Amino acid sequence: MKTLHLLLLISGLLSVFVKGVGSHPGTVHVRFKCIPKIAAVFGDNCPFYGNVDGLCNDKKSVCCMVPVRLDNI
């Protein structure tokens with residue numbers, strides 16, 4: 001049940017952040033990065049945390065989802 005809720009959360013976040021297909025200026029994509037759990041506890045600036053299968057499988061890390069605009073790349 002937790003996995004289902006997590007998948008719904010991630011798909012909801014992706015639908016909010018991914019506003020278009022392709023590389024048009026102003027398009028927002030989501031980047032994933034793994035950070036140590038201790039950094040997450042002590043204030044790493046991450047807007048959304050989650051788990052993604054196959055990414056950040058280490059028990060000592062969490063997955064951070066960061067929205068990125070293509071004009072900032």
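Count begins at 1; order follows the chain as displayed.
Backbone N, Cα and C define each Cβ position, glycine as well.
Not measured: the values here are computed from a predicted model.
Under the heading disulfide bond, Swiss-Prot lists Cys34-Cys63 (among others), citing similarity to another entry as support. Within 10 Å of the C-beta of Cys63 (disulfide bond) we count 19 further C-beta atoms, all protein chains included.
The disulfide bond feature in Swiss-Prot is assigned to Cys46-Cys64 (among others); the stated evidence is similarity to another entry.
The signal peptide annotation in Swiss-Prot covers 1-23, and the record cites sequence analysis as its basis.
Most buried of the disulfide-bonded residues Cys34, Cys46, Cys64, judged by other Cβ atoms within 10 Å, is Cys64.
Cα of Cys64 (disulfide bond) to Cα of Cys34 (disulfide bond): a span of 6 Å.
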